[in-house]
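The structure appears below as structure tokens.
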Amino acid sequence: MNAIPSAPAVQTVHVPLGERAYDILIGPGLIARAGAEIASRLKGRRAAIVTDEHVAPLYLEALLASLDAAGIAAAKVVLPAGEKTKSFEHLITVCDKVLEARVERNDCVIALGGGVIGDLTGFAAGIVRRGVRFVQVPTSLLAQVDSSVGGKTGINSRHGKNLIGVFHQPDLVLADADVLNTLSEREFRAGYAEVAKYGLIDKPDFFAWLEANWKAVFAGGSARIEAIATSCQAKADVVVADERENGQRALLNLGHTFGHALEAATAYDSRRLVHGEGVSIGMVLAHEFSARMNLASPDDARRVEKHLKEVGLPTRMSEIPGELPPAETLMDAIAQDKKVKNGKLTFILTRGIGQSFVADDVPASEVISFLREKHP
Ligand SMILES: NC(=O)c1ccc[n+]([C@@H]2O[C@H](COP(=O)([O-])OP(=O)(O)OC[C@H]3O[C@@H](n4cnc5c(N)ncnc54)[C@H](O)[C@@H]3O)[C@@H](O)[C@H]2O)c1
Ligand SMILES: O=C(O)C(=O)C[C@@H](O)[C@H](O)[C@H](O)COP(=O)(O)O
Ligand SMILES: [Zn+2]
């Protein structure tokens, strides 16, 4: 990693996916520029903005004004905030609103919000008229570093997390760093778990840089933009190599097999657990499980836990408020994971910091006895 640059400026990460290629712009003032950026890239002059009730009062007017100034007429839909919004009920609302607004294939649907709004809106954009243009304006750290990039969209099912959805790449991502100033500390930390994830997958230098510079990242300014851009570049590289997760894209799931099971076990109740917190606990579990399988040193798991704890993230299942179901129920959720092939479990395991790999055919018996140990 480089030293922290002095002045925050807009950085561009290009995602070279052939006819689905797009830019991710990261920096200050991008909501004010959104209309101009969209108008210069897309032919349509109509849009539908989807946002949530926390983000709407903060940024919707500014986005509408920017679109209006660029000659783009926009409809809007404001949904409840939180993970439970990733549901069929709200998908229907968004699809109806987009159709009512006569958004055509060359027009666009804009997600203004965190990963919940991005995943839901991207799914709607992928299925209305069999696919309309899609612009991500991510407003949470998690959405800026992860969910707005790569084209995974979807909703949750009673059978588990993100089980219904499509791949639908955005045409543009506008990550306005200024908006992170209104994000709660808890949500900022949750997004940070996904930032740390990139270091733990295959960027040990980035992880070490985060250990040294996390306070500057939390404080804002250039270090934050640097961390967001590094994360987006890391994700873009993986997505370009394996857009539809036939192999190595599964690395981006580090910590998620356990994390998603915990989200399902807490009924997607954000008072108990949010996605990034589940990923934080899941990444520690993945490192501990790797040590238990004699793949990595227990010191690596301790180092990961130390850093995540230091920034204030939960690292243990016991930190989740309220009762958790037994290990067997967590296993049921894990068995519904999309990485399961022919009934065999796939986990992202590690040989050390920044040395993650995709492990097919992980014995369920090992996982259940590990879970029983961790959650007696
Ligand atoms: N598609 C992908 O590749 C991908 C990647 C990672 C996570 N995800 C999904 O993303 C979701 C989590 O996203 P999230 O952490 O952004 O959650 P979220 O969308 O629920 O946002 C977190 C909270 O912050 C609020 N908020 C967002 N931006 C704000 C701002 N600027 N100021 C004040 N409040 C703001 C929201 O209203 C919400 O209450 C999960 O559903 C997860 O599965 C998807
Ligand atoms: O983009 C990906 O690929 C990821 O796995 C990123 C994850 O951080 C994200 O939570 C994603 O939604 C998980 O996907 P899923 O396929 O496990 O539902
Ligand atoms: Zn995630």
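Glycine residues also receive a Cβ, built from the backbone N, Cα and C atoms like all the rest.
TrEMBL entries are annotated by machine, without manual review.
Per TrEMBL, the candidate among His168, His256 that belongs to the Zn(2+) site alongside Glu194, His275 is His256.
Filtering Gly115, Asp119, His256 by Cβ distance to ligand 1 (under 6 A) retains the following binding-site residues: Gly115, Asp119. The most densely surrounded of the binding-site residues Lys161, His256, His275 is His275 (count of other Cβ atoms within 10 A of its Cβ). Within 8 Å of the centroid defined by the CB atoms of Glu194, His256, His275, the record's Zn(2+) site, lie the Cβ atoms of Leu142, Asp146, Ala193, Lys197, Gly255, Gly259, Gly276, Gly278, Val279, Gly282, excluding the listed residues themselves. Of the binding-site residues Asp119, Glu194, Glu194 has the largest number of other Cβ atoms within 10 Å of its own Cβ. Over the domain '3-dehydroquinate synthase C-terminal' (191-340), the average per-residue pLDDT in this prediction is 97.
Put simply, the two farthest-apart Cα atoms among Gly115, Val116, Ile117, Gly118, Asp119, Thr139, Ser140, Lys152, Lys161, the recorded binders of NAD(+), are 22 Å from each other.
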